[in-house]
Amino acid sequence: MTHARHYPIVPLYRAESVRELDRRAIEVHGIDGYDLMRRAGRRAFEILRGRWPEARAVTICCGGGNNGGDGYVVARLAKEAGLSVQLIAMKAPDELASTAAQAARDWLALGGTVENPDERLRGDVIVDALLGTGLDRPVRDDYARLIDHINDERRPVLAVDVPSGLNADTGMPQGRCVRAEATVTFIGRKRGLHTGQAGRWCGAVLFDSLETPPAIHEGMAADAMLLDASQLSGWLPPRPADTHKGDLGRLLVVGGNHGMAGAPVLAGRAALRTGSGLVTLATRAQNALLAPSIQPELMSHGVETLEAFEPLVERADILALGPGLGQDDWARALFKRAVESEHPIVVDADGLNLLAGEPTRRGNWILTPHPGEAARLLDTGVAEVQADRFAAVSALAERFEAVVVLKGHGSLVAGPGSGVAVCPHGNPAMASAGMGDALTGIVASLMGQGLGPFDAACAGVLVHALAGDRAARERRQVLAGDLIEALARVLPT
Ligand SMILES: NC(=O)C1=CN([C@@H]2O[C@H](COP(=O)(O)OP(=O)(O)OC[C@H]3O[C@@H](n4cnc5c(N)ncnc54)[C@H](O)[C@@H]3O)[C@@H](O)[C@H]2O)[C@@H](O)CC1
Ligand SMILES: [K+]
């Protein structure tokens, strides 16, 4: 990956790449395949015991491949530990292939039995070992019936490697998907477990390398990387003692059409709290008094004409374009002038809608669409965007020569030709108005403080999500203002 040089990378892979990691562990480093499977089963069993210590009976659903093999190992360990074990098998043990067949033989040798998928599920906890990284088509009907059955039980489910039916590359179910409370994934982190719908199906995602040597990752191109709070101090180093407010980027927030006065104020406040020294709003004349009355540190100008706008653009170092901008002639004129400037720009909200109407390649800018805006920018539907968010964010980056933040659960960041960064933080309490405005202000502030567009977008998304998580500890619903207050607690001092 380019760009990711200041911090340790947590790589995310496609299923195909993880299969290559498995192969290296086995063929290059001489780890026996069944040994690896036993490690996987043992780890899954340890997690089951740790998470549901009171469970006395477990149901283990085993598919016809090696994911099922992991399930047979869990079954053996559970039986040895004195639990009552029900094992449901999609394929007869004597029809299984090599490694899984071995695991099944060890289960049978212990006196274990195998039941059909139409049996009633009796466990207090269900282990889903039906399908893993080998899923390569929509879930077959017989598997789908069992998956429905598992989900209908509403008992806790531990998914082995991947919730069965989830496409490990995209995070979308292939027809059906097991809804797990926790997923333990092995050897390499799969990128599809971290974005879009994945959270709904995976529950908590735990990772275990199964003690494979780090060398298996050498020279493997990661398909994406996970953002981590430990990266923040690398992006936001301590300030020199002689820092002047003008060194932190003069930010101009452009927006706030009739009826949308608050949006640029939120962006401006978020930018101040993220460390901008000078933030000015260019807004409708009748809204110009609002910002300083809420946040006196903000400057605000009514700009009804381009003549009034021009000097503000000239004095700025960076622009945040779009919060509450609207799409009328006034908005269009400001948008056009801003995009023609030389400054770095963050474009959000109606700025993106205007851009969709007049696609422009520019460079030195960041676009922050939610899936609906992304769909308009790509001339497609929201479902298509969400079906493969990784592909969508990269396509946007190419089309607009931009760094793009695709918002939503597991926000993604990509630049032209770069890998994709995935944000594992954030929460549903953040589904509220103004959140995008806060993100715009944060990201613009970071660009103003000297971060390049990709780093600013990654750091901004991370800071925004961490602040949202912090604010959600005390509330069911997080308002943008709550998140902005929480910024002080997540930013490195
Ligand atoms: N030695 C290894 O490579 C290791 C593999 N491990 C486990 O093995 C899994 C991968 O095993 P496999 O490659 O055998 O693949 P899976 O076990 O994930 O699935 C393959 C099986 O499912 C069938 N299948 C694929 N798509 C289907 C669909 N849509 N509907 C119904 N059936 C479908 C295939 O025909 C095949 O029988 C990993 O996810 C992991 O759980 C772990 O045991 C660690 C070691
Ligand atoms: K599974």
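Keep in mind that glycine also has a Cβ here, set from the backbone N, Cα and C atoms.
In the record from TrEMBL, residues Lys407, Gly408, His409, Gly410, Ser411 bind AMP; the candidate from Gly381, Gly436, Gly441 listed for the same site is Gly436. Asn67 is the residue from Asn67, Asn116 that TrEMBL records in the K(+) site together with Asp128, Ser164.
For the binding-site residues Asn66, Ser164, the largest tally of other C-beta atoms within 10 A is found at Ser164. Counting only same-chain residues at least 6 apart in sequence, those with a Cβ under 8 Å from the Cβ of His409 (AMP binding site) are Thr195, Gly196, Gln197, Ala198, Gly199, Gly426. Taking Cα separation as the measure, Asp128 (K(+) binding site) is nearest to Asn66 of the binding-site residues Asn66, Asp136, Lys407, Gly410, Gly436. Binding of AMP is attributed in the record to Lys407, Gly408, His409, Gly410, Ser411, Gly436, and the widest Cα separation among these residues amounts to 15 Å.
Among the binding-site residues Asn66, Asn67, Asp128, Ser164, the residues whose Cβ lies under 6 Å from any atom of ligand 2 are, in sequence order, Asn67, Asp128, Ser164. For Gly410 (AMP binding site) paired with Ser164 (K(+) binding site), the C-alpha to C-alpha distance reads 20 Å.
Sequence-distant neighbours of Tyr143 ((6S)-NADPHX binding site) (same chain, 6+ apart, CB under 8 A from its CB) are Gly63, Met90, Leu130, Leu131, Ser164, Gly165, Arg176.
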